[in-house]
Amino acid sequence: MLYLEDYLEMIEQLPMDLRDRFTEMREMDLQVQNAMDQLEQRVSEFFMNAKKNKPEWREEQMASIKKDYYKALEDADEKVQLANQIYDLVDRHLRKLDQELAKFKMELEADNAGITEILERRSLELDTPSQPVNNHHAHSHTPVEKRKYNPTSHHTTTDHIPEKKFKSEALLSTLTSDASKENTLGCRNNNSTASSNNAYNVNSSQPLGSYNIGSLSSGTGAGAITMAAAQAVQATAQMKEGRRTSSLKASYEAFKNNDFQLGKEFSMARETVGYSSSSALMTTLTQNASSSAADSRSGRKSKNNNKSSSQQSSSSSSSSSLSSCSSSSTVVQEISQQTTVVPESDSNSQVDWTYDPNEPRYCICNQVSYGEMVGCDNQDCPIEWFHYGCVGLTEAPKGKWYCPQCTAAMKRRGSRHK
């Protein structure tokens, strides 16, 4: 998955190439303009002295002026060809970028179906200014902590909280607010009530305890990012203060390799079922999360016997409250039996680049514009632009050039006049 690095390496020389070609075009433009100025002066002198000189002189001067005009026209045509080459160069790089994006998207979809849509939406949200609700959510702990000022010790309680911790809380609060928007009012109340008893009984005094699976379980709409964040909060709540982290990338990798086995339920529910199936899916996720948390603490049952029993009772109450939001639990079983693997044939077919059907067609091959192309100098040519390979050219022609159809038509007209 080094598409970005490869593409950046590929376009590393593009600015220099464009600068050189634009410089060459500028020089040619100045050359054409100077030639046109000189020709205009010669034409004015020719008409001033035409009556004073002999017809032979007039014909000679007229032929010389016409020759210089044709040379200036060839230089202008060459400048246009250079502009077309620059356009094709940039267009090739744009098409290559689209191809690499399509491959990267397919690679992400193969691992987690629907993840690209979530990432694109998250990127758009990051590009836009943050909402006032999210800002209030992200910094809701700061004013409270600042008021806890101890005049005797002359320091605040936030001095020991790392800066990364606030950033992680802001990220998780954004996920929480997005998840709450996608859920309905009834299930949101049940989820928050049920899961508040079991998500963070390990260390409820920590600031991260306000984020739990109930607040993040928005169904399949939040996707893998939401569940990865939920698992990260659960994992970091049990760590020491100095080892806590909420890295979304690490959480997502841990989420993929964990024993939750969520691939089938999460990916297929977004496409096949509605609200009831997503609620039933989150019931299964909460049960798995609480059971895995209980298994991880089985080695120290003797020390935390009371804590384990309270978490088991709260897990059962959470399961019952979450189950009331779904119409049937059999939907989850049907989802788990379905597969989310992208077929290999579909993957290969999507890698091949398909042009826009609305893009205009050129040349005798009736294909879109690509590579180097040459234009027919016949103003009435129905095709106008041709690929070099289709008309047997390897370099830009000098002077005027006519396509095979126009050449044949001109020959036919010439034979008729004879």
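Don't overthink the numbers, they just go from 1 along the chain as shown.
The backbone N, Cα and C atoms fix where each Cβ goes, glycine too.
Per Swiss-Prot, the annotated N6-acetyllysine among residues K103, K264, K398 corresponds to K264. Between K52, K240, K249, K256, the residue that has SUMO2 cross-link written against it in Swiss-Prot is K256. In Swiss-Prot, the annotation SUMO2 cross-link falls on K167, out of K51, K79, K167, K400.
Within 10 Å of the C-beta of H387 (Zn(2+) 1 binding site) we count 18 further C-beta atoms, all protein chains included.
In the structure shown, across all protein chains, C376 is the one of the binding-site residues C365, C376, C406 with the greatest number of other Cβ atoms within 10 Å. Summarising the environment of C403 (Zn(2+) 2 binding site), the number of other Cβ atoms within 10 Å of its Cβ, over all protein chains shown, is 23.
Counted over every protein chain shown, other Cβ atoms within 10 Å are most numerous around Y362 among the recorded sites Y362, W385.
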